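Enquirer: Please find one structure pasted underneath; my questions will follow.
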Amino acid sequence: MHCLLVLTSVLVALCCSIGSVDSSAYDKIVSHSRIRARKEGPNVCAMQRVLGTNKKYFSTCRNWYKGSICGKKTEVLYECCPGYMKLEGMRGCPSVNSTIFSDLPMSKSTVLLLFPHQWLPLTTSMKLGISWTLNVNIELYNALHFHMVNRRLLTKDMKDSLSVTSMYNDQGLYFNHYSNGIVTVNCARIIHGNQVATNGVVHVIDRVISAVGNTIKDHLEIDDDLISFSTAALASGLMDKLGQPGHYTVFAPTNEAFEKLSPGYLERIMNDKDVIAALVNYHLLNSVQCGEAIMAGSVHETAEGSNIEIGCDGNTLTVNGIKMVLKKDIVATNGVIHLIDEVLVPNSAKEVMELVGESQTKFSDMVSELGLAAALGPKTEYTLLAPVNDAFTDEVMSTDHSLLRSILEEHILKLKITLSELYNGQLLETLAGKLLRVFIYRTAVCIENACMMRGSREGSNGALHVMNTLIKPADQTMHERLVSDGRFKIFLSLMETAGLEDVLKQEGSYTVFAPTDDAFDGLTRDDFDLLKSDLNALRTILLYHLSNGIFINGGLQGGVTNLLRSLQGTNLQVLSVNNSIHVNSVAVPDSDLMATNGVIHVVRTVLYPADLPVGRQDLFLLLKKLIRYITIKFVSGYTYTEIPLTFISKVIENKPTITKVTRVIKAEPVVTTMVVEGEPVITKVTKVIEAEPPMTKVTRVIGTDTSRTKVRVGQRQPGVTKVTRVIEGPDFSRITTIHGNPKLLEEESERITQIIKGEK
């Protein structure tokens with residue numbers, strides 16, 4: 001007994017030293033199993049067994065604490081760790097085997113036996129002296145040799161993607177070593193490994209393995225159930241790749257799987273090599289994923305570039321959560337094939353309209369109903385900015401269809417713009433020809449007033465971005481919008497008094513927290529006079545309401561205080577919670593009023609820097625009356641410093657010019673044509689005609705387009721002067737005037753009308 005214990009200690013020390021040299025994922029998992037079972041005695045391992053089956057696992061913490069494998073409940077078993085045995089009357093597993101099989105002709109430390117657990121009863125017959133070369137079934141003899149390697153291999157030596165030759169006709173054995181501790185050979189799982197003996201090592205596997213001689217390409221070409229997928233692989237140019245050495249996993253859809261696709265889909269994409277290549281690559285992984293290695297869901301990047309999730313449900317593999325694997329673990333020399341009964345279609349093999357999800361169905365329905373789908377063909381590149389269904393309120397849906405169509409056109413871009421191609425300040429042209437601005441924030445990407453939600457997708461001919469609301473492009477400056485709104489008369493008046501009005505008019509990107517007229521309730525005329533009397537104080541207060549940059553509600557990081565530096569110099573504290581804004585703890589009842597040079601947020605009180613004192617008693621009392629959400633400090637003698645207005649650029653308004661043209665006509669004209677070129681805004685024309693001619697004046701210019709001028713002509717003698725039409729062109733305006741007999745005028749008018757219409 002003493003000798004046995006010594007031998008046990010030596011072998012334990014040998015195994016431990018071997019494991020400590022280069023520990024593998026398998027060794028680490030077994031070590032954790034020892035720790036979990038340490039109360040059961042030495043060399044005992046804790047395992048999980050799937051209820052109702054004989055499937056046992058040395059499992060990871062993830063599976064151990066969830067108490068499940070492949071979604072099935074497990075029970076905990078305590079067994080001897082690999083290579084150890086129990087001894088009667090002794091605790092734990094203190095014994096080890098010293099040899100493999102004494103009758104097998106094996107040289108020391110050079111043989112690896114891979115025994116399927118079904119064959120373990122054969123060891124008795126072998127020990128009885130059955131000859132390996134005589135009186136043995138030749139198929140069994142060959143099969144046994146296919147499970148043997150003329151090398152000594154421990155699990156630490158079984159590197160992922162290792163291939164070795166077996167003792168049967170040099171047929172290959174293909175190992176995979178996974179991070180969850182599972183080791184497979186030809187996709188059979190090693191149940192008990194590293195059973196070290198004096199003349200070799202035994203690893204028990206979960207099934208009999210067969211010789212492998214074909215590549216993945218060979219399998220695809222000879223399997224009649226995979227004709228459609230094989231045809232697609234050929235068309236994509238990827239078939240040759242699958243015939244070359246490598247480590248691949250192919251989820252191969254059957255012919256029946258392709259028949260489930262929408263009619264004509266496969267025929268349509270077969271002519272587009274990029275699309276068909278994307279489809280085939282989406283079924284291909286650049287690693288070998290054997291079915292027996294999957295214990296839970298795991299995400300893998302496909303050769304197409306996007307991800308799929310491989311999971312398991314009992315004994316069944318799942319792809320993206322769906323049971324679709326008909327047959328698993330068809331081993332090839334360069335990987336493994338799993339047959340599936342559905343075609344995996346990546347976004348890159350779909351048209352953009354096919355990318356619309358359930359949360360954007362109202363948008364796609366309206367695009368179809370309003371006739372916009374015709375402009376979104378498979379050969380046209382475009383980008384959809386698709387608002388979620390909640391954006392289409394009853395008010396929106398009741399909008400006139402022509403207006404609603406215009407709104408939707410602002411959500412379709414003329415080019416394919418992916419998420420990675422967007423940058424701050426970018427201008428995107430819509431189907432309607434308008435330009436939308438892009439704002440990139442710390443945690444958000446926004447276009448005008450709308451921000452993107454998760455779910456951006458890239459299709460074969462464009463991209464789709466999910467927006468949290470309808471996009472409302474700006475068409476007015478901040479000044480124009482505040483004036484037209486009507487709620488900000490006092491704020492605008494004060495800005496004008498302070499010489500700051502141009503900030504609201506000039507080009508740029510600003511955020512303004514605009515106080516309504518209600519914010520000034522209770523102030524008398526004397527109060528306003530006092531406020532306007534100190535220009536530095538007035539500018540300090542007003543500029544505290546403005547910040548450089550456009551900051552909309554959706555662009556502010558939620559739940560944290562965002563510091564926006566005001567033009568006055570101190571920070572505004574802006575908090576966005578539950579889709580509402582607070583600035584300096586003051587509620588913003590109306591936000592994201594977009595302007596061409598910024599955004600307006602509405603407040604009902606005047607804002608003031610909390611740490612800025614007031615040095616005049618009269619102004620202090622006024623501000624206390626005006627600002628109630630903070631306590632203003634009084635510091636006698638404090639004066640406001642002058643703020644340089646370097647951020648203001650002079651706004652030059654286009655004022656009309658007057659051009660006088662005088663022309664004397666000595667003879668009685670029949671037809672007089674005058675062309676006024678240039679860029680007139682108001683044109684005054686005076687004609688002097690002998691023999692008491694009437695005077696014709698251009699009294700009004702219609703339109704502001706500098707490339708053309710529309711006029712209305714005032715007539716003093718309608719029976720003598722008749723203007724038949726103003727002919728507009730890209731570079732000039734033509735005024736046609738006829739003098740003479742009224743009857744002749746009518747005839748001449750008709751002739752000119754025909755010329756205008758193109759009838760010569």
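A Cβ is built for glycine as well, from the same backbone N, Cα and C atoms used for every other residue.
Annotation source TrEMBL lists domain 'EMI' at 41-95. For 139-209, 213-344, 350-471, 475-607, the entry in TrEMBL reads domain 'FAS1'. Residues or ranges marked as signal peptide in TrEMBL: 1-23.
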Enquirer: Looking at the stretches 139-209, 213-344, 475-607, which one shares the most CB pairs under 8 Å with the domain 'EMI' (41-95)?
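Expert: Comparing 139-209, 213-344, 475-607 against the domain 'EMI' (41-95), the winner is 213-344.
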Enquirer: Restricting attention to the domain 'FAS1' (139-209), give the mean pLDDT.
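Expert: Summarising the domain 'FAS1' (139-209) by its mean pLDDT gives 90.
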Enquirer: Using DSSP, break the domain 'FAS1' (139-209) down into helix, strand and coil residues and give each count.
Expert: 11 helix, 30 strand, 30 coil
Enquirer: When secondary structure is assigned with DSSP, how many helix, strand and coil residues does the domain 'FAS1' (350-471) contain?
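Expert: Helix, strand, coil within the domain 'FAS1' (350-471): 38 helix, 32 strand, 52 coil.
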